[in-house]
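Reading through the C-alpha cells given below for one structure.
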C-alpha cells in the first residue's frame, strides 16, 4: 500500500507532496553548503582547505539550490498541487510521466553528490566553463558525473514542462478561456515553455563538453578549431531563461497571496500581469550575452545586450506596481504569508535595481565576477524565489495538510529570516564595489569587516531554517484543523475543503462564465 501510494503514485497531490519533501530536504543540504561557504569567509585565512574544495562547495551549493530546491518546490510542488485544482482538472495530463519526472531527481542528486566524493570534485562554478572544466584542469570523473546529473535533472524538467503545458491548454473546463485561468497557472505555463525551449540547448552544450573531455572532440578547444566562447553562449542561452524560470512561478504565487490578503476578488490589471509575464519570458531569451560582457564582444553587440536587458525592467515594473495597486484600498490582513509577499516585493525590487546597474556593459566590466553580482542574484533568488516559496508555503499549508501553522511563530520566523538574509547579502554590495572577486576562499584583510557581518547574517538565517522545522512539527503535533476559508469563490483550489479529497473534479466541472 505504502509502495503503491508513494513510489508508483499517479496522483498530482501525492507527487506534489513528494516534490515538496524532496525540495525541503535538498534545501537543508544547500543551506548547509552555504553555511560552509560563509564560515570559510567569516574571517581571513583558510578554514576548509584550498580553493579547489571551496569551489566544489560553491558549485554544489548552486546546483542543489537551483535544480533540487527552487525548481522542485515551485514547479513540482506548488505546480502539481495547485494547477489541476485551479483549473478544475481531475489530475495532470500524463500522471505516470509526472511520477517519472519526480523519480529522476533523486538519482540526479545522487550523481551530483557522487561527483564531490570522487577525485578532487567539480570545482568549476555552476557555469562549468571549459577549459577549467576540461579533462586537463579537471581530470577524473567529477565533472562527468556533474554533467550526467544535469542531464537527468534536465530530462525531468522537460517532461514536467510538456506535462504542464498539455494540462493547462487541454484540461480546462470548456467554458473557460486561457484568459480566465488564475495568474499562478499562467506563470507555470510560461515557465514550462521557457524550460522546454532552453534546456535542450544546455543539454547540447554539456554533451559537447562531455565528448571534449572523453572522446577527444574539440568543440571548445581552439587547438582543433573549437572555441570556449561557444560554450558560454550555449550555457547562457539556457542560463538566463533559467533565472526567469526560478522567479516566474514566484510571481504567480505572490499575485495570489497579495490579492487574497488584500481582501480583493481579483488582482489589479490581470491582463497586464499576463502580458508582463509573457514579455519577461520572451525577453529572457534575447539577453543572454549580458553574462559575457567581459569576453570581448563588439561594442555594438554590447550596446544591444545592454538595452535589451534594460527593457526587461518595464514588464517587471508593471508587475511590481500592479501588486501595490492590488493592495490599494484593500482590507489588508497582516498574515505571515502577506509579510512574505511584502518582503518579496521590497527586496526583489532592490535586486532588480542592482540588475539594472549590472546591465550597463561599461559598468559590468568592473563589476563582473565581484561580490556585487553575488549580492544582486541573491537578492532576487534568496529574497525573491525563497520568500515566494515561504509565502506560498504558509498560505497553502492548510490546503496541503488540513492543519494551521501557529501565526505568532510564523511571524517570528519571517522576522528572523528577513534580518538574516539582509545582513548576509547587503554588505556584499559594498564588497563588490570595493573589488572583492567571487569564487575565492580567502581575501585581503581590508575586506574583513563586511565579510564577518555577512557571515553572521548567514547564521541568523540558519536559525530561521531550524525554527521553520520546529514550526512545521508544532503544526502537525497540535492538529489545529481548518474551520473555513474565506473568498473560495475566487480561489477555486479551496472549494473541496482542507485538505481536499484524494480525487477532485472527477466529473467535468462546468463553470458559468461571468461575462
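Including glycine, each Cβ sits where the backbone N, Cα and C put it.
For the Na(+) site that Swiss-Prot gives as 40, 45, the extra residue drawn from 441, 454, 455, 458 is 441.
Topology check against Swiss-Prot: residue 7 and residue 120 carry distinct topological domain names and occupy opposite sides of the membrane. The candidate list 240, 256 contains one residue that Swiss-Prot assigns to the Cu cation site with 290, 291, namely 240. As stated in Swiss-Prot, the feature transmembrane segment covers range 270-286 out of the listed 270-286, 491-507. Residue counts of the topological domain 'Mitochondrial intermembrane' (287-298) by helix, strand and coil are 8 helix, 0 strand, 4 coil (DSSP-based).
Of the Cβ pairs linking the transmembrane segment (299-327) with the transmembrane segment (228-261) and spaced 6 or more residues apart, 3 or more are under 8 Å, so the two regions touch. Residue pair residue 368 (Mg(2+) binding site) / residue 441 (Na(+) binding site) shows a Cα separation of 18 Å.
Around residue 290 (Cu cation binding site), the same-chain residues six or more apart in sequence whose CB sits under 8 Å from its CB are 240, 305, 306, 309, 358, 359, 361, 364, listed in sequence order.
One way to see the shell of the Na(+) site is to take the Cβ centroid of 40, 45, 441; the remaining same-chain residues with a Cβ within 8 Å of it are 41, 44, 46, 47, 48, 54, 442. A contact links the transmembrane segment (12-40) to the transmembrane segment (447-478), because at least 3 Cβ pairs that are 6 or more residues apart lie under 8 A. When pLDDT values are averaged over the topological domain 'Mitochondrial matrix' (401-406), the model yields 98.
Counting Cβ pairs closer than 8 Å to the transmembrane segment (228-261), the top stretch among 95-117, 371-400, 447-478 is 371-400.
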